[in-house]
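Take a look at the structure below.
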Amino acid sequence: MVDVNRFKSMQITLASPSKVRSWSYGEVKKPETINYRTLKPEREGLFDEVIFGPTKDWECACGKYKRIRYKGIVCDRCGVEVTRAKVRRERMGHIELKAPVSHIWYFKGIPSRMGLTLDMSPRALEEVIYFAAYVVIDPKDTPLEPKSLLTEREYREKIQEYGHGSFIAKMGAEAIQDLLKRVDLVTEIAELKEELKTATGQKRIKAVRRLDVLDAFNKSGNKPEWMILNILPVIPPDLRPMVQLDGGRFAASDLNDLYRRVINRNNRLARLLELNAPGIIVQNEKRMLQEAVDALIDNGRRGRPITGPGSRPLKSLSHMLKGKQGRFRQNLLGKRVDFSGRSVIAVGPTLKMYQCGVPREMAIELFKPFVMREIVAREFAGNVKAAKRMVERGDERIWDILEEVIKEHPVLLNRAPTLHRLGIQAFEPVLIDGKALRLHPLVCEAYNADFDGDQMAIHVPLSEEAQAEARLLMLAAEHILNPKDGKPVVTPSQDMVLGNYYLTMEDAGREGEGMIFKDKDEAVMAYRNGYVHLHSRVGIAVDSMPSKPWKDSQRHKIMVTTVGKILFNDIMPEDLPYLQEPNNANLTEGTPDKYFLEPGQNIQEVIDSLPINVPFKKKNLGNIIAETFKRFRTTETSAFLDRLKDLGYYHSTLAGLTVGIADIPVIDNKAEIIEAAHHRVEEINKAFRRGLMTDDDRYVAVTTTWREAKEALEKRLIETQDPKNPIVMMMDSGARGNISNFSQLAGMRGLMAAPNGRIMELPILSNFREGLSVLEMFFSTHGARKGMTDTALKTADSGYLTRRLVDVAQDVIIREDDCGTDRGLLIRAITDGKEVTETLEERLQGRYTRKSVKHPETGEVLIGADQLITEDMARKIVDAGVEEVTIRSVFTCATRHGVCRHCYGINLATGDAVEVGEAVGTIAAQSIGEPGTQLTMRTFHTGGVASNTDITQGLPRIQEIFEARNPKGEAVITEVKGTVIEIEEDASTRTKKVYVQGKTGMGEYVVPFTARMKVEVGDEVNRGAALTEGSIQPKHLLEVRDTLSVETYLLAEVQKVYRSQGVEIGDKHVEVMVRQMLRKVRVMDPGDTDLLPGTLMDIADFTDANKEIVISGGIPATSRPVLMGITKASLETNSFLSAASFQETTRVLTDAAIRGKKDHLLGLKENVIIGKIIPAGTGMVRYRNIEPQAINEVEVIEEAEATEEPAIIKE
């Protein structure tokens, strides 16, 4: 076998007949498979041991030679070589075809490669190949045209007319083979290149296509006649197995049936030829042979598929590769693994951040080999077999061994669907009773897991390297930040939030208010004994907490706080300020001075002068976690998170919040508000009946009235709510529910959507406390049902989007430190009309500058060129009033097959500069795809008001952008730079004309009457500026402006969609994806290069080709950039393995074979397919051969004692 990690590239070409013979170990002559009595393979049949190798290891067919010592001997009785049975997976056979047969991929694919090579239509080819017409191969001296078709009758007439042997015409694949042999590639290519200089239109397109195929044959060394098969390879028998079922029946792969048909027809044809049968019979047999081979290669591609029992189409070779169940996606890109298990998950509130609970029964099965080894090492058993028996019997001693084996051995937990890299994390196992896996509550958000019956899979990393990677890179405690936006992903939720909210509440006049304590312990003791309430404001000596960062003026004083806040601050990292107010100032700058008093001052007066603070909500906890991470990194943060979780659970239990129907308040003036709304609606309807408004206007007015009524109720609800009400506490803290849920419980449910998506005018006036009437209940069911179906559809759509995104960007890896480009991207805040979608500060964080940034007023340099912009620096730049900054960007990076560290900036998941080897493409794809399920599905219908078209939003809009489709509601853009001089309306055609006067000429643009204008007379417009509202078509923009403008536009558009749904995604992720869509150029004029006009190629390859020509003094080629949708971009990638495993497998492979494509295995996917370590992270070539140095431990200890320095183990 080939050593997987030894080869650099993989090439695919057409197989010549001699190549097929060299692979083969013998000819399969009979259609038999195995003998029904002896169940042994038949001689010369499809499973023959002589050809394919023995069925049992080291044993020939007749049994003369058994055992390994006869290795390599060929038995003299039965002719079978004594070797491993495994060779039956590798050895091929062949069938000598008695008539040439065309390969359906090359004849039937689109475009037909055979047709282009011969310049014949696929229709004509089909008539010849399937014996419906003759083709003239050599007209000799007759006036016939070469390659022209003759029917049976015409052929006979011509023979009579010109005499026998006066010209050559044949039918069948044989004729095509003769024609293909006559193709002179070099002259044809030269002729086509000449023709291209003058050709236009359809003719030019056809010439370019032909030239492409002929050039591929010429360069690859494939011969066109190899598209016709004279000899058919037979794949190894173990790849098309035949197995006996209970009851003596056999189940065989469909391929065996298909091969049998070919052999039967081939043998029959041989017999007919021997007998000199009449031409028509032979012809018919040849056609049937052709059809049999077609079915074997791609059943159902031409005509009706051959069916097996129960009229089920048989699975041919092509079907084995295609689709989700094909070889690529089912067995090469994803495999089932051993040492894995799955079970239901339950919550493990007592676990540490890096732990998970694994049931004992599960662990013993997963760690069986490790336990067995240890049993033998401790001599509890003599050999492995005995040890295995011990484990299976459940001997008492195995449990202690198991405890030791799993120490420090991380396991991976995965929850499907794995939408981003946080869907698989590593934990240290803790043995538990029961049968459910225990999961730490804080990692639920990353997994999107809950405990209502979710299941998770567990995997054991076996090798030392795998364990080290799991521990260092995948441990759950390391994954504090979300890779998509750099915000903490492990924020507490539900009970944890509620407990900390309750803990930090303040209340006036509770028992013990104004007491002063010397330290924390005294305060807690007083609280435990009931002298002081958790929410009472009390004093505490500042000096009892010496490690906190107090200001000098605050030391030796007494601070006003609550017992709850003393407990809350006790779990905080030491260097964090004492948190008194839930705001960022307190968190970053320190505790405000107003809470401190001198000893001896009247504390009650100070307390009365202070306002009551609001408690800490979910958002505040998130900010505290982010600040902690920023200051102390992962280890301290994960320890702090565990303390926060424990405190939250403990106090939410103590608080004992319950919910009853009486907790839902009654709004005192609900009846009045609704009465007023009814009155207003009546007036509107009256106005409509009098003809003062249109139906559309009436509809909008009515729905607005009800919306306002609902908002009035909501407002009243917020004004009158009691902060101690349990429901209010849950909602306010962010533990569960929001204002909309609350207003449905206590206010009114409001307007509902009808099945057609239009909002119904009749609102639901009741709330859930009063109860709904039957009609109201019926109205609300539609919305509920739509919600469910939408979610189901959205999940599939979003998953498919993620798959396409991953595919197009999987080979983008950080490949070098600095690409040294001199280009940059000028960025400013992204705005949508007046609203800011993304601020400049957010966009600057974690990027490198391209030029130095100066203060706009003083002119001082705030930050130099090529420096990393930190969070604080970004704030400083924005505060100085800078509006635009030139930064290093993925768009302008010059690295081939990837990005450099400086153009990328920081890795959002760690907060540090990105490392070489990081697979940023995959992370970008996951970051954009994972929130896809949160986007809405609907395209908004505005009820035919105030807008010319329905704007696409949510997921459909994201797909529209990434697939580079023409958008719905397209905006008209200007192609000239200048001034809008006039907008004239033409009532007859219902259009408006916009005239733009530029320096070189005048632009005239026709826009629909209903379109909303973005420009007025006198406005200055740039090329590519939108004249009307709507989405710009990116391909059109690319023609008018440059690549960078299109990239910037697409980036802004994607961000608008996500931000409008409240989803934050780092710019750099979108940049990576958009750059992949624009990485190709189309050659316009080849100049002196040997490029072909009209070919698509990578920008880097195009630049290289031009460099060579310019050096040698020739004319360089010209090209124009091409914008491709992500699906097209994936299929156009340089790696045929990656493209074939994505979509259109047969088309990709056909093309790759003709071109003799080489796959240099640069991306991740190609390497997964052939089983190499992926070239990212620790798998990069630079880390390939690192060997951990073994060190004699004794020496280290002695040296350490001698020098009294800690021992350092060398890498």
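Note: Cβ is positioned from N, Cα and C throughout, glycine not excepted.
The feature Zn(2+) 1 binding site is assigned by Swiss-Prot to CYS60, CYS62, CYS75, CYS78, with sequence analysis given as support. The Mg(2+) binding site annotation in Swiss-Prot covers ASP450, ASP452, ASP454 and rests on sequence analysis. The Zn(2+) 2 binding site annotation in Swiss-Prot covers CYS819, CYS893, CYS900, CYS903 and is backed by sequence analysis.
Distribution of Swiss-Prot features across the structure.
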residue	record	contacts (Cβ under 8 Å, 6+ apart)
CYS60	Zn(2+) 1 binding site	GLU49, PRO54, LYS66, CYS75, ARG77, CYS78, VAL80, GLU81, VAL82
CYS62	Zn(2+) 1 binding site	CYS75, ARG77, CYS78, VAL80
ASP450	Mg(2+) binding site	CYS444
ASP452	Mg(2+) binding site	none
ASP454	Mg(2+) binding site	VAL344, ILE345, ARG415
CYS819	Zn(2+) 2 binding site	CYS893, ALA894, THR895, CYS900, HIS902, CYS903
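Under the three-state DSSP scheme, CYS903 (Zn(2+) 2 binding site) falls in the helix class. It is CYS75 that, of the binding-site residues CYS75, CYS78, has its Cβ surrounded by the most other Cβ atoms within 10 Å. Among the binding-site residues CYS893, CYS900, CYS903, the residue whose Cβ has the fewest other Cβ atoms within 10 Å is CYS900. Same-chain neighbours of the Zn(2+) 2 site beyond CYS819, CYS893, CYS900, CYS903, judged by a C-beta within 8 angstroms of the site's C-beta center, are, in sequence order, GLU816, ASP818, THR821, ARG888, VAL890, THR892, ALA894, THR895, VAL899, ARG901, HIS902, TYR904. Secondary structure at CYS60 (Zn(2+) 1 binding site), as computed by DSSP, is coil. The residues near the Mg(2+) site, meaning same-chain residues not in ASP450, ASP452, ASP454 whose C-beta sits within 8 angstroms of the mean position of the site's C-beta atoms, are ILE345, ALA449, PHE451, GLY453, in sequence order.
Each residue in ALA61, GLY63, LYS64, TYR65, ASP76, ARG77, GLY79, VAL80 lies on the same chain as CYS60, CYS62, CYS75, CYS78 and has a C-beta within 8 Å of the C-beta centroid of that Zn(2+) 1 site, without being one of the site residues.
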